[in-house]
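Chemist: Sharing the features that Swiss-Prot gives for it:
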type    : residues                                                                                             : note
BINDING : LYS25, ARG69, GLU111, TYR124, GLN192, PRO193, TRP194, PRO195, PHE196, PRO197, GLN198, SER199, ALA241 : substrate binding site
BINDING : CYS98, CYS101, CYS116, CYS119                                                                        : Zn(2+) binding site
DOMAIN  : 125-248                                                                                              : domain 'Nudix hydrolase'
BINDING : ALA158, GLU178, GLU219                                                                               : divalent metal cation 1 binding site
MOTIF   : 159-180                                                                                              : motif 'Nudix box'
BINDING : GLU174                                                                                               : divalent metal cation 2 binding site
BINDING : GLU174, GLU178, GLU219                                                                               : divalent metal cation 3 binding site
Amino acid sequence: MDRIIEKLDHGWWVVSHEQKLWLPKGELPYGEAANFDLVGQRALQIGEWQGEPVWLVQQQRRHDMGSVRQVIDLDVGLFQLAGRGVQLAEFYRSHKYCGYCGHEMYPSKTEWAMLCSHCRERYYPQIAPCIIVAIRRDDSILLAQHTRHRNGVHTVLAGFVEVGETLEQAVAREVMEESGIKVKNLRYVTSQPWPFPQSLMTAFMAEYDSGDIVIDPKELLEANWYRYDDLPLLPPPGTVARRLIEDTVAMCRAEYE
């Protein structure tokens with residue numbers, strides 16, 4: 001699937017190594033390969049954006065390697081492609097040898113997979129399903145500040161789905177573990193690939209059922225009910241968390257204004 005980059009190849013360039021992204025001038029590179037010293041490198045086309053190819057190059061650059069979070073303000077589609085590139089680069093880097101027999105592996109020519117030439121085992125990129133849920137109580141929404149977000153941002157609750165668990169069960173468990181409350185009338189909204197490091201966020205809205213807020217201090221710094229017209233600092237636009245909050249605010253406005 002990959003090939004040698006030629007002088008006139010052009011498009012968007014996702015140059016990634018160890019979950020980092022090359023961002024010269026803080027931007028995702030766009031243009032001809034020669035402008036970025038990429039001629040002769042191997043590249044894999046991972047999609048298209050506005051009619052232009054998006055290429056993955058597995059390479060470490062000496063300068064300007066940053067987090068894919070730095071391009072979160074890009075259009076959602078381009079951000080997702082950048083995230084795909086970072087995840088694929090890490091997948092190929094971490095699957096050089098077979099986990100079953102220890103022999104060297106090679107990339108498939110027909111799909112995103114690594115193949116073992118010895119035992120014929122086939123590996124695909126790992127995706128970790130997560131739930132994220134906006135909980136409404138009358139004219140208020142439950143927002144929390146997570147221990148990993150010490151920048152004042154308040155967001156909705158989220159967590160990983162466990163083995164043998166449905167998405168609905170994961171919502172109920174995560175909400176209870178993190179906040180101590182029960183929810184009802186769960187409704188699926190949307191999903192979003194989230195490359196930190198390899199999650200697929202499944203987004204829900206729910207209504208408060210019962211219980212008082214009792215936070216898990218390992219997960220949250222604080223959690224509280226916030227009236228829809230008096231909210232704290234929120235996640236940036238383009239994130240599924242922001243989408244859930246805005247949808248909840250719209251519902252509250254429709255009822256209370």
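Cβ atoms are placed via backbone N, Cα and C, with glycine included.
Since this is a predicted model, take the numbers as computed values, not measurements.
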Chemist: Checking distant contacts: for the motif 'Nudix box' (159-180), what same-chain residues at least six beyond its ends satisfy Cβ-Cβ under 8 A?
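Modeler: Same-chain contacts beyond the flanks: 128-131, 133, 135, 142, 144, 186, 188, 199, 202, 204, 206, 211-216, 219-220, 223.
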Chemist: Are there binding-site residues among ALA158, GLU174, GLN192, TRP194, ALA241 that sit within 10 Å of CYS101 (Zn(2+) binding site), Cα to Cα? If so, list them; otherwise say none.
Modeler: none
Chemist: What same-chain residues, at least 6 away in sequence, bring their CB to under 8 Å of the CB of ALA241 (substrate binding site)?
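Modeler: Residues satisfying the criterion: ILE132, THR155, VAL156, ALA158, LEU234, PRO235.
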Chemist: Please classify the secondary structure at TRP194 (substrate binding site) using three-state DSSP.
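Modeler: Strand, per DSSP.
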Chemist: Between TRP194 (substrate binding site) and GLU219 (divalent metal cation 1 binding site), what is the CA-CA distance rounded to a whole number of Å?
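Modeler: A Cα-Cα distance of 19 Å.
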Chemist: When you measure from the Cβ of GLN198 (substrate binding site), how many other Cβ atoms are you left with inside 10 Å?
Modeler: 18
Chemist: Quick one: DSSP breakdown of the domain 'Nudix hydrolase' (125-248) into helix, strand and coil?
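Modeler: Residue counts in helix, strand and coil order: 22 helix, 55 strand, 47 coil.
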Chemist: In angstrom units, rounded to an integer, how far apart are the Cα atoms of CYS116 (Zn(2+) binding site) and GLU219 (divalent metal cation 1 binding site)?
Modeler: 39
Chemist: Taking the recorded Zn(2+) site as CYS98, CYS101, CYS116, CYS119, identify the other residues of that chain whose CB atom sits within 8 Å of the mean position of the site's CB atoms, giving them in sequence order.
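Modeler: Output for this site, in sequence order: GLY99, TYR100, GLY102, HIS103, MET105, SER117, HIS118, ARG120, GLU121.
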Chemist: List the same-chain residues at least 6 positions away in sequence whose Cβ sits under 8 Å from the Cβ of GLU111 (substrate binding site), in sequence order, or say none.
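Modeler: The answer is MET1.
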Chemist: Over the motif 'Nudix box' (159-180), work out the mean pLDDT and round it to an integer.
Modeler: 98
Chemist: Within a 10 Å radius of its Cβ, which of these binding-site residues (CYS98, CYS119) has the fewest neighbouring Cβ atoms?
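Modeler: Taking CYS98, CYS119 as the binding-site residues, the minimal 10 Å Cβ count falls on CYS119.
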